[in-house]
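Take a look at the structure set out below.
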Amino acid sequence: MLVLEDESELLEAYVNGLEDEYDVYAAETAATATDHVDGLGDSLDVALLDRRLPERSGDDVLRYIQSAPIDCRTAMVTAVDPSLDIIDMGFDDYVVKPVTPSDLRAVIDRLLKLEAYDEIYQTLSEKRVKRSVLAAELSRTELECSEEFAALQSEIADLEAQLESIESEIDDEALPH
């Protein structure tokens, strides 16, 4: 995970509060953050980005992450109160400082659940397409007698239950912003 924060003491507090649970890559500048993005590649799951930085903004780093060939969840963690300018920004969460490491862990957990949700949803969609194709092409008797089709139906039901569970967890754990 990447943490971009230009205030050294705050960055240190975030890293100290998170490093027991996550591999944390700290950056005080946008340049260091983009270097980490390049170096970590697709192993970068989460980025926590401050918006106000001395040289380039965290918004620039967000756009850089979005343009990279990686799948990374992002949260803006900033003292900048949200305004209409956030409408076109592609972050997954927006948290206004002050925040504690505990708050950040909750945000990170939510972002990781969103990633899991996307992966499960993709698998579910693929299996639903297969079910639809088979239902259109095979007779009802063939489907009812097929152990493979029954297993597919069971997998679909399991994936749907997993999605519902994640949705419930995300709704229950959402931080007030």
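Glycine is treated like the rest: Cβ placed from N, Cα and C.
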The annotated coiled coil range in TrEMBL, which must be one of 58-85, 114-141, 142-169: 142-169
Looking only at residues six or more beyond either end of the coiled coil (142-169), which have a C-beta under 8 A from one in the stretch? 113, 116-117, 120-121, 123-124, 127-128, 130-131, 134-135
Count of other CB atoms lying within 10 Å of the CB belonging to Asp50 (4-aspartylphosphate): 26
I'd like to know the mean pLDDT over the domain 'Response regulatory' (1-112). 93
